[in-house]
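Take a look at the structure below.
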Amino acid sequence: MSSPKRRIETDVMKMLMSDYEVTLVNDNMQEFYVRFKGPEETPFHGGLWKIHVELPDQYPYKSPSIGFVNRIFHPNIDELSGSVCLDVINQTWSPMYDMVNIFEVFLPQLLRYPNPTDPLNGEAAALMMRDSRGYEAKVKEYVTKYASKEQADEAGHETDDSDEMSSVGSYNDDDDDDEPAGTMEV
């Protein structure tokens, strides 16, 4: 058994034995969901998020992919895709870190101390810098609207409109005009 494979199994087992609710995707230890609660003493407190985790084959030498499935209002988290902008995951990842570090330290710290100068959500960053009370109110509104247990349960189960939009079946074939869309200069 290779070292990265063993490490993946060890880290996932630690997560499964922790207090976090972990759901493997198709019994695959490299893709799973973790339920994550908003840290106390923050406007995120009381929220429950479903976090999608994918571990690359090169884990722990390559960082995991982490994303919020249900919506969150935060300067460093893309509101629609759920992508997380966190240096420790994206740039300074080390094999010394494990999955438990992400959920017990890195994500709580990100929610406690947002960095509005490096935003993925410009609206959240601008609101946080110009009106901190307004920012907290908007965060709490999102927690109520999108981060309940029911919302976390449903997150990721809705129909994916992007599939419909990119479907070949939606192509309008009423035109019998087979002209190319443009010309290419060589």
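Cβ coordinates are placed from backbone N, Cα and C, and glycine is handled just like the others.
As annotated by TrEMBL, domain 'UBC core' applies to 3-148. Model confidence over the domain 'UBC core' (3-148) stands at 95, taken as the mean pLDDT rounded to a whole number.
There are 18 other Cβ atoms within 10 Å of the Cβ belonging to Cys85 (active site, glycyl thioester intermediate). What TrEMBL records for Cys85 is active site, glycyl thioester intermediate.
Under the heading region 'Disordered', TrEMBL lists 148-186.
If you look up TrEMBL, you'll see 148-159 marked as compositional bias 'Basic and acidic residues'.
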